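Presented below is the structure to which this report refers.
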Amino acid sequence: TWQLWAIYMIFAAHLSEQQALKQACPSCDAAQLCNCSSMGLDFIPPGLTAKITVLNLAHNRIKHIQSQDLQQAVNLRALLLQSNNISSIDEDAFQSLVKLELLDLSNNSLAHLSPVWFGHLLSLQHLHLQGNFYRDLGESSPFSSLRNLSSLHLGNPRFSVIRQGNFEGIEILNKLWIDGRNLSQYEQGSLKLIQKINHVIIDIKSINVFSEIVRDLLYSVSWLEVREIKLAVETKSMVQNSTPPFRIQKLIFKDAFFTDQSISRMIVLLKEITSLKELVAIDCVLEGKGRWDTKEITSSGESSVETISIINIMIQNFHLFFDLYGMESQINKLKRLTIASSKVFMVPCRLAQHFSSLLYLDFNDNLLVNNRLNETICEDAWPSLETLNLSQNSLKSLKKTAKYVSRLLKLKNLDISQNNFGEIPDACVWPKYLKYLNLSSTQIPKVTTCIPSTLEVLDVSANNLKEFGLQLPLLKELYLTKNQLKTLPGAAPIPNLVTMSVRRNKLNSFSKEEFEGAQVGAVHLSLMECHRSLIVSLICVLVFVGILILVAVGYKYHAVWYLRMTWAWLQAKRKPKQAPPKDICYDAFVSYSENDSNWVENIMVRELEQACPPFRLCLHKRDFVPGKWIVDNIIDSIEKSHKTLFVLSEHFVQSEWCKYELDFSHFRLFDENNDAAILVLLEPIQSKAIPKRFCKLRKIMNTKTYLEWPTGEDQQQIFWENLKAALKS
């Protein structure tokens with residue numbers, strides 16, 4: 001018998017835990033993915049089982065992770081605990097999570113990291129620890145057992161020390177992100193323990209610590225991204241006694257601050273990293289006018305960098321920036337150059353002529369105009385260029401643009417989209433080998449023989465074209481989206497066409513002649529283009545059904561009433577928060593359920609209104625003005641009453657009438673943070689029974705003393721005395 005009893009108790013406890021889990025997190029019910037984020041939880045819900053593989057507890061108020069919290073979740077693959085208030089974790093809290101692959105503890109309140117936490121997480125691949133309160137990683141490595149770790153995010157604004165041995169046990173990482181904005185102490189060799197890292201991101205302000213970290217990463221990192229650094233003039237070598245071959249190939253500066261002096265020195269120091277092939281600056285600030293130390297830069301030898309990208313650089317007084325005379329010897333090996341969103345309006349001819357190896361040039365979103373383009377693309381400039389992007393500038397003349405670009409003898413790809421040309425000439429001069437031309441969003445009204453016949457790809461989307469009849473024998477791809485075409489281009493003038501996009505035009509029908517001599521392999525047209533009338537009819541039906549659904553839902557949930565009530569509340573907000581004493585007509589407005597009317601009207605009213613001195617009570621049955629809208633009656637009654645008295649009971653919280661009164665009372669009374677509410681509990685009632693949207697009323701029930709109607713007659717006199725005292729206060 002006792003065995004059956006034990007089995008029953010275990011089964012009952014299990015059911016109880018399952019019910020607790022379902023109540024705390026409804027989405028966890030029999031699901032492998034358990035999303036409990038933003039639920040206001042103070043603890044990890046009980047009842048977690050081996051079925052769950054993903055548990056999301058982010059954005060809650062959890063402070064402590066206990067040993068038993070995750071003990072049964074043995075198949076968990078991802079555990080998301082970011083953005084809580086976690087300050088302590090039991091040492092064996094993660095002991096059973098041997099299959100865990102992702103653990104996110106970021107943005108919590110952890111003041112230290114314990115190696116014991118991660119000791120059993122043998123499958124862990126991604127660990128996020130950034131945004132906590134720890135100042136260091138301890139004396140040893142917290143990650144020594146994480147042999148399968150692929151990405152590691154750590155650090156915070158308080159993080160200030162990295163010690164030797166902190167990364168012991170980690171040999172290979174795909175990504176390492178360190179928030180070291182206030183990192184002031186770095187022990188040399190700390191990151192050398194990691195043999196190979198694909199991508200390192202580090203937020204750092206100290207140039208000295210940055211240099212030390214670079215020296216340790218020379219042989220392990222292929223892509224280094226540095227954020228928020230303020231580059232001072234650094235005198236120490238980046239490599240010191242290290243010898244090539246190095247591994248760093250790409251270096252990104254983001255949100256960095258440069259001066260003319262620091263950028264000159266940095267160019268010299270980066271030349272020592274002979275493996276460096278790509279240099280990127282994003283959202284940076286340059287304080288200076290281009291007065292770089294070209295003598296030191298030139299004497300330091302050639303750079304190994306082949307790709308430079310500068311995106312959204314801020315230069316105060318950019319129009320005074322120097323022409324970088326003396327930098328010619330530093331650019332002749334460059335193959336790809338991007339300067340986008342940086343207010344470039346010209347490149348001096350003598351500088352442009354020294355980009356002898358450049359194949360790709362991107363000047364997207366700048367201030368280039370036709371007159372300056374003559375200088376930027378002068379004779380013999382950019383002699384090897386194959387791809388040029390001049391989109392989103394201020395070019396106005398297509399004829400002049402084509403003329404200047406024709407000087408680029410090897411150019412194959414040209415993007416001049418999003419320039420406001422407005423018109424197109426009948427004839428233009430283009431580079432001899434031009435294969436790709438993008439003229440989209442240029443406001444051209446038609447196409448003419450200005451378009452070169454050598455093209456294989458042409459994009460004239462988003463213009464005002466009404467027809468397309470060009471002879472382009474080599475064309476393979478044609479993009480005509482968002483125009484005014486009513487008929488397709490003829491097939492005969494473009495015999496080699498493979499791809500054509502004609503979405504969002506005014507096509508109504510296709511003729512046989514339009515496909516003469518060409519086989520259509522695949523046509524991709526939208527439903528709107530193929531069945532316009534059907535789609536319009538369907539949309540009308542859906543809109544009509546949607547309106548019916550909205551009306552039905554609004555009727556069911558009293559939406560019109562709530563809208564009118566909200567409008568009345570907004571009107572009431574404009575009135576003074578307290579009525580003048582002369583306008584106070586009642587000692588209290590009484591809010592109660594019709595089911596409790598016998599007690600209110602025959603017991604409470606008699607006791608209070610026949611007292612000495614008598615109290616004046618406002619009851620909706622007796623004192624509301626007939627024919628006046630209910631909300632106006634409620635507003636006027638509350639404003640003309642010294643107090644509002646709620647007679648709470650189970651009937652009260654289930655009554656629609658009382659809900660309406662509570663709605664406005666919640667807005668009017670608790671929004672003003674006054675002390676005009678008196679709660680009378682006619683019968684025991686849980687605060688949870690009150691609708692959740694009345695959060696302040698629920699809070700008052702938990703924090704403020706309320707009056708409870710006693711069953712014994714000897715205590716009822718005390719109740720009346722307390723109620724009268726509350727009404728007088």
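Placed from the backbone N, Cα and C atoms, the Cβ positions cover glycine too.
TrEMBL labels come from automatic prediction, so no person has curated them.
Since the structure is predicted, the reported quantities are computational estimates derived from the model, not experimental observations.
Lifted from TrEMBL, the feature list:
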- Cys28-Cys34: disulfide bond (DISULFID)
- Cys349-Cys378: disulfide bond (DISULFID)
- Cys428-Cys450: disulfide bond (DISULFID)
- 584-727: domain 'TIR' (DOMAIN)
- 1-20: signal peptide (SIGNAL)
- 534-555: transmembrane segment (TRANSMEM)
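Cβ neighbour density within 10 Å is lowest for Cys349 among the disulfide-bonded residues Cys34, Cys349. In terms of local Cβ density within 10 Å, Cys28 ranks first among the disulfide-bonded residues Cys28, Cys378, Cys428, Cys450. Taken together, the residues of the domain 'TIR' (584-727) have an average pLDDT of 76. Distance between Cα atoms for Cys34 (disulfide bond) and Cys450 (disulfide bond): 61 Å, as a whole number. Listed disulfide-bonded residues near Cys378 (disulfide bond): none (candidates Cys28, Cys428, Cys450; Cα-Cα distance within 10 Å). Checking each of the disulfide-bonded residues Cys349, Cys428, Cys450 against Cys28 (disulfide bond) by C-alpha distance, the shortest gap belongs to Cys450. In this structure the C-alpha atoms belonging to Cys450 (disulfide bond) and Cys349 (disulfide bond) are separated by 27 Å.
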